[in-house]
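Engineer: Attaching a single structure in structure tokens format; questions to follow.
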Amino acid sequence: MTITVEPSVTTGPIAGSAKAYREIEAPGSGATLQVPFRRVHLSTGDHFDLYDTSGPYTDTDTVIDLTAGLPHRPGVVRDRGTQLQRARAGEITAEMAFIAAREDMSAELVRDEVARGRAVIPANHHHPESEPMIIGKAFAVKVNANIGNSAVTSSIAEEVDKMVWATRWGADTIMDLSTGKNIHETREWILRNSPVPVGTVPIYQALEKVKGDPTELTWEIYRDTVIEQCEQGVDYMTVHAGVLLRYVPLTAKRVTGIVSRGGSIMAAWCLAHHRESFLYTNFEELCDIFARYDVTFSLGDGLRPGSIADANDAAQFAELRTLGELTKIAKAHGAQVMIEGPGHIPMHKIVENVRLEEELCEEAPFYTLGPLATDIAPAYDHITSAIGAAIIAQAGTAMLCYVTPKEHLGLPDRKDVKDGVIAYKIAAHAADLAKGHPRAQERDDALSTARFEFRWNDQFALSLDPDTAREFHDETLPAEPAKTAHFCSMCGPKFCSMRITQDVREYAAEHGLETEADIEAVLAAGMAEKSREFAEHGNRVYLPITQ
């Protein structure tokens, strides 16, 4: 079926910045690769380059044609194995060189982390529109944004718009979780226009092919669906192969049972047929298919906890042990692997999840949904989960799957997508700071300096969301002169601590009080003066009162 759509997407640079590129040479082919950055031009005359995920949509020199799709990047190789296999062979691929420039890391570090299985480069040979990126704990923490239609609402145009909107605000990957009509067509439009890797959960489309009845699923239907998606260019796929028949009873006394859609589908199939999941029994064949296209496994946590009460229970960790076994099998076949994690976990139980995943899964990159640190805030779960996300990322999680304010309530719209992405970029960056990631603090320092110097426009431009920062400032001080004023509406001109601090510093400079030695010298001189004055008055402690 042909779908005619004319999606309308946001283009143009983010406020206060422009698209910039760093040119590098692709190893082997010699092709020129353009590595993108968001360049913030500061009022001081300097500039600050930021990691950028927005693709050509923020480049004023690019004409966007959604029907034609994005241009293909050079250096794509289809017949020399996976990134894992090539890294093990000592090769630095074009994708690794691109990532090294993007992350400001050495290409050898990129290759070594991929070779060890501690990082993955989701880059299907059939998705040349994407800009290479890496997921691993040695690199900046990444954020995934889920989009996709449902049987109730949304359209292809809306989902393409959400994809562009999410990447504009910093989504490093996109997952198309469509479960409604036209799943193939929706995915095609997204893939051809996505500058970031795209992930899916193939069991959703396979279920559509059997009219929504999990018991009618077969390995053949699932396998053909996977190949269809590989051919389209899907970069990574969630596979719930760790949901085993014997684990299902472990969920019986849970407060919220099995909350993963894929997990519940496979549990229903196992119980109906009373045999092991076809994803588990055919896993090696699946590995060969993934390796053929260099599709990355995202081994799904189908038994993740959906409530604080169920956190870190027997079902969750039983599945994790099986995911560890499957990780070894996948890597033996040359397929890249990352591991999905929870879920709903109270703060004091979060770190245990990372430590166990690293132990059981050979330090494969951990990719977690939050986790939500409490269950009591529907409509604010982008906040409850960002708290858990920051903690788990500091502990070693490599990619965070965002949660929007609509979680548990409905399908997210454009505003929800942005709110979710921004909340998770905050969590990811906070974790990078805590881990001491190279260059992470440079942006904080640049913004803090601009704040102290009352360079309001520079503050806006360096922030995660320049539009909202400016909007909030304009609500009370909209005039242009306010953008250089040495105060804001919070404190006003007389109570601004930073202005007062500047006044103190100016006074100190004028009176030679800039160093500790200066201050000690002045204090000593003052004390000496008072000592002389005391002596001049006869060394008397009490002096007569004068009228």
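Backbone N, Cα and C atoms are what each Cβ position is placed from, and that goes for glycine too.
Sharing the features that Swiss-Prot gives for it:
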- ASN146, MET175, TYR204, HIS240, SER260, ARG261, GLY262, ASP301, GLY302, LEU303, ARG304, GLU340, TYR367: substrate binding site (BINDING)
- HIS344, HIS408: Zn(2+) binding site (BINDING)
- CYS488, CYS491, CYS496: [4Fe-4S] cluster binding site (BINDING)
Engineer: Rounded to a whole number, how many Å is the Cα of ARG304 (substrate binding site) away from the Cα of HIS344 (Zn(2+) binding site)?
Structural biologist: 8
Engineer: Go through TYR204, TYR367, the listed binding-site residues, and name the one with the sparsest Cβ surroundings, counting other Cβ atoms within 10 Å.
Structural biologist: TYR204
Engineer: Rounded to whole angstrom, what's the largest C-alpha distance between any two of ASN146, MET175, TYR204, HIS240, SER260, ARG261, GLY262, ASP301, GLY302, LEU303, ARG304, GLU340, TYR367, listed as binding substrate?
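Structural biologist: Overall maximum Cα spacing for these binding residues reaches 20 Å.
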Engineer: What is the interatomic distance between the Cα atoms of HIS344 (Zn(2+) binding site) and SER260 (substrate binding site), given in whole Å?
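Structural biologist: Cα of HIS344 (Zn(2+) binding site) to Cα of SER260 (substrate binding site) measures 12 Å after rounding.
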Engineer: Enumerate same-chain residues with a sequence separation of six or more from GLY262 (substrate binding site) and a Cβ-Cβ distance below 8 A; give 'none' if the list is empty.
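Structural biologist: Set apart from GLY262 (substrate binding site) by at least 6 residues yet with Cβ under 8 Å, we have VAL201, ILE203, TYR204, THR238, HIS240, GLY300, GLY302.
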Engineer: Can you tell me the CA-to-CA distance separating SER260 (substrate binding site) and HIS408 (Zn(2+) binding site), as a whole number of Å?
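Structural biologist: Roughly 12 Å, rounded to the nearest whole number.
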Engineer: Work through the binding-site residues one by one (ARG304, HIS344, HIS408) and point out the residue whose CB has the fewest other CB atoms within 10 angstroms.
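Structural biologist: Per-residue Cβ counts within 10 Å for the binding-site residues ARG304, HIS344, HIS408 bottom out at HIS408.
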Engineer: Which whole-number value in Å describes the distance between the Cα atoms of HIS408 (Zn(2+) binding site) and ASN146 (substrate binding site)?
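Structural biologist: Just about 14 Å between their Cα atoms.
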Engineer: Near ASN146 (substrate binding site), which residues of its own chain have a C-beta under 8 A away, given they sit six or more steps off in sequence?
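Structural biologist: Non-local contacts for ASN146 (substrate binding site): ILE174, MET175, LEU177, CYS401, TYR402.
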Engineer: Indicate whether GLY262 (substrate binding site) is helix, strand or coil by DSSP.
Structural biologist: helix
